[in-house]
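Worksheet for the structure shown next.
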Amino acid sequence: YCVECVPCALTLTLFTGLVQLLLGLLNLGFLVDFIPLPIISGFTSAAAITIAVGQIHSFVGISHNVRRVFFLTIYDLCHYVTEVKPGDIVFGMICIALVVFLKYFKVHIEHLRKTQDQTSAGRVALKFLWLVCTARNAVVVMTGALVGYTLTTQAWFSGQLTLISTERFPLPHPQPPNVTLHSVKEIGIGIVVAPFISFLESIAIAKAFARKDGYKVEPSQELVAIGFANVVSSFFSSYPVTGSFSRTAVNNQSGVRTPAAGIITGSVVLLAIAVLSQFFHYIPKTSLSAIIIAAVLPMVDVRILYRIFKIRALDDLPLIVAFLFTLILGIEYGVPMAVVVYVAILLYRKARPRHELKLYPGVICVVFNGGWNYPGVEYIWRRITSEIATAPNPPYSMRKTSLVILDCSAMPEMDFTIVQALKDECSDLQKKNIQCVLVNCQPQVLKIVERAAIKNLQLKTTMREAMELASEGEESMEVIVSTNSTGPTKSQT
């Protein structure tokens, strides 16, 4: 990294924190409501796979670093495959097996504690075993350190187990970031983009584990927390920070339930940097990778694809987009791209409102099965106009249409664009001697329409009253009232 990049990084960290703090204090966390469950699931699965694959190089003893993006990681692993160490692989597999065994053994112990009466000694023993299983990650690390220390003293095993690096770096002294106009210009749009990318990644991780463990996430509070962390970090020479998927997964698997774990983790890290580096030297890299792999892989959910497909197949699209973009471009891009796709799907649904278009002698009736918003204005009126201009069969010919009925019983509200479209279309219909009627309007819709004072538009409370306005009202009444027929349904959306 160039020296000139440091002020830019610190400036970006500071502004990222300030923007996030401002958004949190303004309670704008509701913006993450645009992240639905399919996107969270796709992101979670792809992130878990990416992180697990990214740990393979340490798991198998490759000393070179690999790139973070999934396919580049695979390429780098293939490139350095000749550096694989059997000792790391074997010990890593043992660590994974131990973590998984302790995880499921804990469930068995909890069952015994709840269902069986024990003596005092039995309760103490079960409590001890429960603590060991709960602290399984720490047990694996300490066991790994003990094995690493023992094996390094054996000449025949020297170099077969890769240990972590113990380079000591001085702790940075707190100082305000050097914010300059040049660094702000260099960052450019990043000042706006970075806070949102950072928050989206963090909240996606939080929602994934909230869904898994059954608790709620307060987005605005998360914004304040991560914003404050970034502001403080900028005084300690840090680049922008966000939530960590791998660390969250490890914490979750370790039984962490409160933010106090961050204090403990931070204290251990500071102690490790300051005075304990020589003791951590004997921890094998493969044991740490095994813990992370065992923590993230259970987050991969394949079955949700089928569950979503059974309910609404189109909702699988945001999931697939989140999954693929997270794998292809990286964790920070998957969620934003999937949100764009999801919003596009929402807008498309709004532009194609659910309705039934029914044809009666001289009458076109549109029955809305939901809301009618401005994206769908032109679509509905195009359908009505096309029926006025065509004659599908003589008994229900639309060439002599005298009445257009809009059944608004399922319409909860009406915006200005809808009202303006009604004015314009009612004016056009009047030139063709066609009357427009709104039926079954809800109170809030009725008030809006009455205030608009639209010409050539009448309001009726029942379909019978509306049909009386038709030039062939008696015949129409017989069709929909006396015989209980709804007429031919031209189409249904």
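Glycine is no exception: its Cβ is also placed from the backbone N, Cα and C atoms.
Just so you know, TrEMBL annotations never went through curation; they're auto-generated.
What you see is a predicted model, and the numbers here were worked out from it, not measured in a lab.
Annotated in TrEMBL:
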TRANSMEM  12-32  transmembrane segment
TRANSMEM  39-62  transmembrane segment
TRANSMEM  89-107  transmembrane segment
TRANSMEM  128-151  transmembrane segment
TRANSMEM  187-210  transmembrane segment
TRANSMEM  222-241  transmembrane segment
TRANSMEM  261-283  transmembrane segment
TRANSMEM  290-309  transmembrane segment
TRANSMEM  321-348  transmembrane segment
DOMAIN    353-480  domain 'STAS'
REGION    474-493  region 'Disordered'
COMPBIAS  481-493  compositional bias 'Polar residues'
(request) Go through the chain and flag residues at least 6 beyond the ends of the transmembrane segment (89-107) whose CB is under 8 A from any CB in it; none is fine as an answer. (result) 59-61, 129-130, 132-134, 136-137, 139-140, 143-144, 147, 161, 253, 284, 286-287, 289-291, 293-294
(request) Grab the same-chain neighbours of the transmembrane segment (39-62) for me: Cβ-Cβ under 8 Å, and only residues 6 or more beyond its ends, written as numbers and ranges. (result) 68-70, 73-74, 76-77, 80, 83-85, 87-89, 92, 161-162, 204-205, 207-208, 211, 245-246, 249, 285-286, 288-290, 292-293, 296-297, 299-302, 304, 318-324, 326-327, 330-331, 334-335, 338-339, 342
(message) Can you tell me which parts of the same chain pack against the transmembrane segment (222-241), counting only residues 6+ beyond its ends and a CB-CB cutoff under 8 A?
(response) 6, 9-14, 16-25, 28-29, 172, 174-177, 194-195, 198-199, 202-203, 206
(message) Counting Cβ pairs closer than 8 Å, which of 187-210, 290-309, 321-348 has the most of them with the transmembrane segment (12-32)?
(response) 187-210
(message) For the domain 'STAS' (353-480), how many residues does DSSP put in helix, in strand and in coil?
(response) 57 helix, 26 strand, 45 coil
(request) Among 128-151, 187-210, 290-309, point out the range having the most Cβ pairs under 8 angstroms from the transmembrane segment (321-348). (result) 187-210
(message) Which residues of the chain, 6 or more past the ends of the transmembrane segment (290-309), have a CB below 8 A from one of its CBs?
(response) 38, 41, 44-45, 47-49, 51-52, 55, 59, 92-93, 95-96, 99-100, 103, 137, 140-141, 208, 212, 245-246, 249-250, 252-253, 315-316, 319
